[in-house]
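Record features (TrEMBL):
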type	residues	note
DOMAIN	A:225-438	domain 'ABC transmembrane type-1'
TRANSMEM	A:59-84	transmembrane segment
TRANSMEM	A:105-125	transmembrane segment
TRANSMEM	A:162-181	transmembrane segment
TRANSMEM	A:193-214	transmembrane segment
TRANSMEM	A:226-251	transmembrane segment
TRANSMEM	A:263-283	transmembrane segment
TRANSMEM	A:309-332	transmembrane segment
TRANSMEM	A:360-382	transmembrane segment
TRANSMEM	A:421-439	transmembrane segment
Amino acid sequence: MLLILTVLAAALAAVVASRGRLHPLAGGAVGLAAASATTWTFAGCALGGDVTGDNTGVQRVLAVAAVVTVAAGVARTVAALRAGGGPAGEAMLTELRSGRFRTGAWLPWLLLAPTLAILAVFLYYPSFQTFALSTKLARMGAPRSADVCLGNFAELLVPSPYLVAGLPPAAVAVVAGLALWRSRTTPGTASHTAAAALSPLGPIATVVALYFVFAPGRTGYRGVYVATLGISFGIVALSMTAGLGLAYLVARRFRGASVYRTLLIWPYAVSPPVAGILFFMMFDPTAGVMAHLAGVVGLDFPSYRTDGVLAQAAIVLAASWKWVGHNILFYVAALQTVPREIVEAAAIDGAGAWRRFVRIVVPTIAPVTFFLLVTNLTYAFFDVYGTIDYLTRGGPSGRTTVAIYEIIRVGVGTGDLGRGAAQSVILFIAVIGLTVWQFRRSEGRITYGGGA
Amino acid sequence: MKNRALWATAAGTAAAALVLTGCTGSSEADTAGDGVVDVWVAFTDDARLGFVQEKAAEFEQKHEGVTVKVQGFDNYETLFQQMQLALDGGDAPEIVHYFEAATREALDAVGPDGEPVFQSVSAATGDRDEILGEPVVLDDVVAPAKNYYSVDGEFYSMPWNTSSTIMYGNQTMMDEAGIDAMPETWQDLEAACDKIAKLADGPEACITWPNHSWWMEQAMGQADTNLGNNDNGRSGRATEIDLDSDAMVDYLTWWQNLEKNGDYLYTGVQRDWDGTRAAFSAQQVAFLMSSSGDAAGIDEESADGGYDVVAGRMPYDADTPYGGNLIGGATLWLRSGLDEDTTDASLAFLNFFNNPENAAEWHKVSGYVPITNSAVDLLTEEGWFDENPNFKVASDQLALAADTPASTGVLMGNFVAIRDVITAAAEDILVQGDDVEERLHAADDEAQQLLDDYELLYSGE
Amino acid sequence: MTDNLTISVGRRGPFTGRTWHLHVLSVVCVLLIGFPLLYAALVATQTNAEVFAFRLTPGSSFGEHFHKVWVERGIGRAMWNSLVMSTLVTVAKTVLSMAAGLAFVYFRFRGRSLVFLGVLVTLMMPTEVMILALFRVTSDLGMTDSLWALVVPFAASATSVFLFRQHFMSLPAELPEAAQLDGAGPFQFCFRILLPLSWNTIGALAVVSFTYAWNMYLWPVLVIKDASGQVVQQSLSALRATDQAISYGPLMLGALLASVPPLLVFLALQKPFMSGMAISDK
């Protein structure tokens, strides 16, 4: 216990010291308060010594990690806010313009009140409850529940506390080391180029580390992790590239363009379950239209129902098909803002169509691309349940069981509220992590607003 | 200023909608004891939900002042979940349709007040022979169903759609292949499949059936092996599950081999009732194992497709002594805490629903087992079984069962989730070719954990 | 490369050359993307047996299916419920988010950044993940089985607030000052100046919000059980089982019918949309 507290204090001190900017004390104090709160509500049982169940070592590691992360995050945010935005990377918080109207302090709050009230009641409160449930063994309709501390989480991970404690920090070390190297070298030099070239290693290290942290085996969570990763990124990549390509085609002003636009957007009006049913019928290995068409040209249409990779591909295809209209919608709008004169000037300078597209069009619509990246990720992570349920039911052998599918199967389908909540928390953290990473990455590249 | 017009239209619609919320927003206060019998069933199809609605209307006509409100749900899981939510909200229905796997959970269910949610139908009936003029049919219910839903001598819920696993054969194809009788054992089936495989333009595979835990449970019944301790949960609460018994290993090994040989067609989707049946009606397989409740639909499809269908029992292992097949399906549970009038109205409806004429009609509509002995007699007198021998197979098969805990069926907590574990294991064994024993062992651990959790929450141990 | 004679100075967007190849390409793309829907339209006219026998000609059962879907199952009523719900969600989302965006951009108040961060973080908290906890809240508030349960939890949206904030920040900085010089208060400023400049953002949000609400399935299944209050996705789900086995024809017909309203919303709002998205206005 004492050891853990020492580690905690050291971590906090490190975070606070690393800020090295204004108001480290304020940041540290709030961080400490938040860390204590987390310890008390969420990780208290694991740190207090009355851990129950298996994998007590893993549970302790998780508890420490949770507290340290929260402390670090809060300290950083507070310090960043104090410093007026900046290096913490909350691009959104950067103040571009100060407010104008000064009619009473109550007016802005009045304008915000409905939104904040709804968010508080229907988002913050349920998510707080989900956090609380995740440390319990609870069933829908059961007369009592039992505290299992972080057992629901530990269950999803490898039973070795050393791996759980060691791998993620190692990945973080790789990321931080690369960033440090890059920041210490001068742009233009060979070593800077090398550092820049190596920067994808960070995310890769994180992905690999997580792979080894999740429990292996047919009943382990590793399969869900792999399926989620493959299917989600497949959907984002396919639906965004297809969306941009199609939008580039029909954003032009020519007779009939609006008809084509409407027809291309039509699948967006279809709901995810219906998309699942449609592709289920089309891809049916024996009675489906694709099998028949393949037969006509003398090909053998493979069955996605018993092949894991094909099943994942089928999900990606169906889910992207349903969503591509959404991306076309936003890209068509964004393409209207590409300044003609610049494109024409480039054309006169002899830039080929592809070069004009890559050099001028793509950078101009980068803010929309970023916005779409966030919404597409959200879609790929959360809204594919219906499609999967009708297309593969998570099979074969769990190869298309993505995180949201497993959450709903466990939490809603079998009423295992605690385990469902624990998985929800993991997904929640993953999406927040990804989004923050995206925000930070795109920070220097995209300028928002500011009527220049 | 077209946009302004649009905006105005949108605002107008919104205002109209707000006015309308008055209508859609206020569903009638729906509390127990308001003289209305709410019946929730897990069917939405015209034939089955329609049947209940028709009977409810007939009952209302017969009993003035009683209202029976029928509400259909997509499936048992949704219904189960809605029931839990309704209990929280205090507007749960009087009669609920639960499937057999949820029997233990229905027995254990408590409301927010800590009181049991359901009452035993036999206890509520007492020693009455009729309720509101409707003769009581409880004693008349066929034995396998009565045994399944009886615990500690109490007959808890009114059986309704009750079926067993039977095998359908494409007679036309069997004739072509020279198979003269429906295979009765695994060994018969293998021999028949060899003949099917030799057909010149034969089907894609010999047989298919859904990957549903029900088959594993049936196989345990046939091999007279318990899935749970304490006599399959019949003499006390089941606290231990046995998924890696020899009988289970044998069954899955047999199944895996059938798949490897290309005789079994796996549709690749779990619990795929529709896909397997479609494969049979598209004549991609010669045999289909499915619920006896599909008999009516399968007959109809065979008429459309121009082939004949014959039904037989679920094949068993000739090398293992036969225990018996068990039932599946669902029953109607009666809420507790109702006032006397509502209780009696609900009981009267349940008995009316299963009176000989109605039970016989339900059997004909669907193919589910005739649920009372008098319904069987009525159908026999009419000559129904002579004309439709396929409809008799399930009843005959159930009658063969010895009255042992294994063939009655397991009573176990969290069994809905445990079924998922079993199905997932079977899929891994079929699709990935996992080692049967190893995979079943892993499934056993996982299921035991679920059962332990359940027991901890419900019995406090 | 100077055959673009239709250049009009100052206009934006990709431009036209000769168009016949654009037509060919567009038709190919539309056929590819539209193929599943065309197939659905074909299936909507066929019986199950015809579907499995793979006939590429329309079947004879369209009338029968239409009768089943429209008359027997009354999908019209469910579509009406969905229309009311989706319209309310769309309008509420637009109004609330615009108000919030206004507060974030044109007012200075303590804790503004922190509040914005608080709103933004909900972008990553979709209701799907905490659907059961959400149910408990709605049930405690006594909103289940009513339109309120379908509308209120979705009336606020981080995405929309974010989009409006970005849009307002992209507008010229002099606008509010000019308005104040003219003696206009914040509300007059909002209705007279901001609103006419925001139709493109409103249009985009309306299409997305409407489609999102229209396609909601898991949540309505949880909160609406009364038959008369069911939304279109619930009736589609029930259409799967008009017979004991899945019957594709009525289902596909229902799905096609259900896809029309969001499409109409897009058609109606296409014009403001085509004038560009402010999020990228630099």
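Placement of Cβ uses the backbone N, Cα and C atoms for every residue, glycine included.
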**Report entry** Cβ-Cβ under 8 Å with the transmembrane segment (A:421-439): same-chain residues at least 6 beyond its ends
**Finding:** 89-92, 127, 130-131, 133-136, 152-153, 155-156, 203, 370, 373-374, 377-378, 381, 403-404, 406-407, 410-411
Report task. With Cβ distances under 8 Å as the criterion, find the stretch in A:162-181, A:193-214, A:226-251, A:309-332, A:360-382 that has the most pairs with the transmembrane segment (A:263-283). Result -> A:309-332
Query raised in the report: Can you say which of A:105-125, A:193-214, A:309-332, A:360-382 has the most Cβ pairs under 8 Å with the transmembrane segment (A:226-251)?
Result: A:309-332
**Report entry** For the transmembrane segment (A:360-382), sequence-distant contacts whose Cβ falls under 8 Å of one of its Cβ atoms, 6 or more beyond its ends
**Finding:** 228, 231-233, 235-236, 239-240, 243-244, 248, 319, 323, 326-327, 330-331, 333-335, 337-339, 342-343, 346, 402-404, 427, 430-431, 434-435, 438, 442, 445-448
